[in-house]
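Listed features, source TrEMBL:
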type	residues	note
DOMAIN	72-145	domain 'Reverse transcriptase zinc-binding'
DOMAIN	252-366	domain 'RNase H type-1'
Ligand SMILES: [Zn+2]
């Protein structure tokens with residue numbers, strides 16, 4: 001492994017390019033490394049890193065639940081590449097992703113996970129509620145579908161799982177029609193959940209009106225590339241100044257789930273609110289949200305204004321990050337190496353506080369470029 005690192009804290013990209021598949025490289029680059037600590041054995045699916053049989057059993061079950069429809073890896077890659085490029089709001093893309101992985105709590109899925117419940121569909125009261133029943137085959141849901149002009153093109157679809165059905169829909173429909181179908185699926189699922197939670201829900205025509213007027217065909221997708229816009233000034237009324245003579249830095253990250261691309265941003269300010277330095281960076285890597293947020297802090301520390309010897313505060317809207325930094329000696333999983341990297345940074349000794357701020361008061365809320373990189377995905381995930 002050591003031979004794949006270029007420095008103590010970074011991968012050797014040229015070497016990775018030589019030995020690994022192109023599509024895997026962003027995932028490798030997104031994995032933080034730590035050459036200062038001893039290697040330890042950990043089980044990544046428990047909070048303390050220790051293996052217990054119950055956790056192993058749960059993971060084995062989850063693996064069995066993962067769909068096997070696309071056995072061909074290239075096909076699977078192509079499918080998800082198409083999927084994440086659809087012109088849909090992030091929440092709907094995420095919904096579809098969970099749908100394909102059977103991660104949505106239809107009754108049959110809950111039962112599969114060991115819950116003892118009545119499996120009958122609440123909508124028709126006749127059949128077992130699987131995802132494909134709740135969203136496609138239920139007679140009550142068919143009434144909604146029949147209101148859509150494209151229904152005639154897909155009504156013969158007989159796929160067993162939702163993944164199979166979506167693949168079939170995609171083959172039969174133009175891209176925009178397919179996007180509309182996803183909106184309808186999402187609306188039906190929302191409506192089902194309202195019903196489930198005893199909230200008011202909508203009938204077919206109103207449901208469609210609601211979803212298509214709330215989510216018209218806009219451009220939802222985020223332009224990829226280097227982010228260069230200088231962020232606007234944080235409104236004074238939302239911003240609390242650090243003590244006189246000290247500085248603060250707001251750090252934030254935006255990721256695109258399951259896609260290579262992390263946007264990092266930070267703003268250094270003095271106690272009067274004047275911007276001392278700002279930076280934005282785009283990394284072609286895949287990593288968890290927490291690692292991205294921590295990378296934003298590392299980037300901010302590396303770009304600490306040279307003239308500044310004063311103490312400073314770090315502000316982030318990521319609660320987990322603030323907790324991780326203040327935790328001592330606890331196991332932090334993938335985030336561990338990068339937390340160590342922050343703590344070991346020379347500039348970190350002048351940091352007096354690590355503060356959690358509300359998202360609305362942090363960088364992204366005042367920065368449409370960073371925000372558009374699917375921050376919404378993070379909050380719904
Ligand atoms: Zn039903």
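Note that the numbers count up from 1, one per residue, in the order the chain is shown.
Glycine too: its Cβ is placed from the backbone N, Cα and C atoms.
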The domain 'RNase H type-1' (252-366), counted residue by residue under DSSP: helix, strand, coil: 45 helix, 33 strand, 37 coil
Counts by DSSP class (helix H/G/I, strand E/B, coil) across the domain 'Reverse transcriptase zinc-binding' (72-145): 43 helix, 2 strand, 29 coil
Mean of the pLDDT scores, which run from 0 to 100, over the domain 'RNase H type-1' (252-366): 80
